[in-house]
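A.B. asks: Can you read through this structure? Questions will come right after.
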Amino acid sequence: LLFKAGMSSSSSSVSEMEIFQFIDVHQSDFIEDLKKWVAVESDSVQPDLRKEVIRMMALAADKLSALGATVNLVNLGSQQLPDGQDLPLPPVILGDLGKDQQKPTVCFYGHVDVQPARKEDGWKTDPYTLTEINGNLYGRGATDNKGPVLAWINAVETFRALKLAMPVNFKFVIEGMEEAGSLGLEKLLEEEKQCFFSDVDYIVISDNLWLSNKKPALTYGSRGNACFFVEVECGSKDLHSGTFGGIIHEPLTDLIALLDSLVDPTGHIQIPGIYDSVAALTEEERKLYESIEFDLEEHKNNSGVKEFLYGTKEEILLHLWRYPSLSIHGIEGAFHEPGIKTVIPSKVIGKFSIRQVPHMDLSVVKQQVVEHLEGVFSKRNSPNKLKVSMPLGAKPWLTDVNGPLYKAARRAIKTVFGEDPDFIRDGSTIPVARMFQTVMQKSVMMFPIGAADDGEHSQNEKISRHNYIEGTKVFAAFFLEISKLHQHLHETSNMETDN
């Protein structure tokens, strides 16, 4: 079954078969390693668990050292919490394995911190005890991101165990603050650009999921995110609606009108100019969407909604991936407890965000939002104070699917899974892909091994045994493919130089 996908009869196929057999035979060891990692409560969000994140970094460093890698745990100092307390940041692992000038250098990024999880949140099993049920491995971090980090390490370990020559040189960047905003990572990348990263050819990130439960995917783009606060204030204190209702301009009434002006019932953003720089859809790009495996009904069931804004797979995916969207998230300062409280809040803050797509400029988006809201507000003739701010802005990311990285991954997927992957984009924001691409100016690929129903960040997070073990194989096959492609590229460019 494993080798049905027309593997070449070259020498590499012999080692490929040997590699896959080794991985199959050692699956229980690989699952045992994941069990040890999941047992560490490396929750980077809660300050009292920071010591566990630091312990997790040490475990990951030991695992890389056992591979024969040179490991540097880089100290990033500390972060200041809102209460003024200084909390140590976990170190970032920079690992190095192989220095052969003839081989390409592939840098792998992953993280070993996790989202908060408690059994009483609705988990069927203890979130920090990896538990196998019906072929699924349940546990916090199983798919996000301890499983994929270990799958990559398992693949490297397999070459070592079989005493095979490493097809590529490896660099590892493993952090422990991804779930809390990757504090300090960008600065470290900038500092190490000329040193640790100077010989990197390719960057691979495995920290997302397939679009389907069964069909593999490669991700080539994600939307950015611009978060906004719109604040309306009338005075210094809350007022009684019996005493002041009907004689003042109420801030919450102003705010609701402002929020209502942002987006229409069809999901269309009503801010003038917002769609101006969105690239037109090409025929070639539209074709990419046709072959994608995406079950509309399944997606509806997963989300628990009765109806989407669009009726076709293509329209849904286009509006998730390549068109901007605006979502309203909440109102701070308004009464939201159960029961009735007849209060007029003195200051309210509406919160919304715009997922923006390539070619949209953050500073232009901010200006368009501010001008629109100020225009709507001025028509209300309200004496209240309006303040619009953009506390957070992350840019979108897009890369070329025709480069060697995606070719190599596609071949590896075909070998292991017996089918071509879907090429997908992500509707959410992946700051780390953009960060690596911007700082390093090298090819970046998102190479997920988790399935769509893995439930990252949610209760009962899992990775299936199948995806974890076949994911290990696909990474091993990828090492061989990128090595061959890189060599071929160099031979071709050398021939062109000679000519």
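Quick reminder: no glycine exception, Cβ is built from N, Cα and C everywhere.
According to TrEMBL:
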BINDING   HIS111, ASP144, ASP207  Mn(2+) 2 binding site
ACT_SITE  ASP113  active site
BINDING   ASP144, GLU179, HIS457  Mn(2+) 1 binding site
ACT_SITE  GLU178  active site, proton acceptor
DOMAIN    223-376  domain 'Peptidase M20 dimerisation'
SITE      HIS240  site 'Important for catalytic activity'
A.B. asks: By a 10 A CB contact count over all chains shown, which of the recorded positions listed here is most packed: HIS111, HIS240, HIS457?
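C.D. replies: Highest number of other Cβ atoms within 10 Å: HIS111.
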A.B. asks: Within 10 Å of ASP113 (active site) (Cα-Cα), which of the recorded positions ASP144, GLU179, ASP207, HIS240, HIS457?
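C.D. replies: For ASP113 (active site), the recorded positions whose Cα atoms are within 10 Å come to ASP144, GLU179.
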A.B. asks: Fill in the CA-CA distance, GLU179 (Mn(2+) 1 binding site) to ASP207 (Mn(2+) 2 binding site), as an integer in Å.
C.D. replies: 11
A.B. asks: Around the Mn(2+) 1 site formed by ASP144, GLU179, HIS457, list the extra residues of the same chain whose Cβ is within 8 Å of the site's Cβ centroid.
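C.D. replies: Counting only non-site residues, the set is VAL114, GLN115, GLY141, ASN145, GLU178, GLU456, GLU461.
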A.B. asks: If you count other CB atoms within 10 A of each CB, which of ASP113, ASP144, GLU179, ASP207 wins among these recorded positions?
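C.D. replies: Compared across ASP113, ASP144, GLU179, ASP207, the most Cβ atoms within 10 Å surround ASP113.
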A.B. asks: Restricting attention to the domain 'Peptidase M20 dimerisation' (223-376), give the mean pLDDT.
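C.D. replies: The answer is 95, the mean pLDDT of the model over that range.
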A.B. asks: Count the Cβ atoms, other than its own, that fall within 10 Å of the Cβ of the residue listed as 'active site, proton acceptor', considering every protein chain shown.
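C.D. replies: The answer is 23.
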A.B. asks: In whole Å, how far is HIS111 (Mn(2+) 2 binding site) from the residue listed as 'active site, proton acceptor' when you measure between their Cα atoms?
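C.D. replies: With distance taken Cα to Cα, HIS111 (Mn(2+) 2 binding site) is 6 Å from the residue listed as 'active site, proton acceptor'.
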A.B. asks: Restricting the comparison to the binding-site residues HIS111, ASP144, ASP207, HIS457, which residue's C-alpha is spatially nearest the C-alpha of HIS240 (site 'Important for catalytic activity')?
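C.D. replies: Looking at Cα distances from HIS240 (site 'Important for catalytic activity'), the smallest one goes to HIS457.
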A.B. asks: Closest of the binding-site residues to HIS457 (Mn(2+) 1 binding site), Cα to Cα, picking from HIS111, ASP144, ASP207?
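C.D. replies: Closest by Cα distance to HIS457 (Mn(2+) 1 binding site) among the binding-site residues HIS111, ASP144, ASP207: ASP144.
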A.B. asks: Taking the center of the Cβ atoms of HIS111, ASP144, ASP207 at the recorded Mn(2+) 2 site, which other residues in this chain have a Cβ no more than 8 Å from that point?
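C.D. replies: Other same-chain residues with Cβ inside the cutoff are GLY110, ASN145, PRO148, VAL149, GLU178, GLU179, GLU456.
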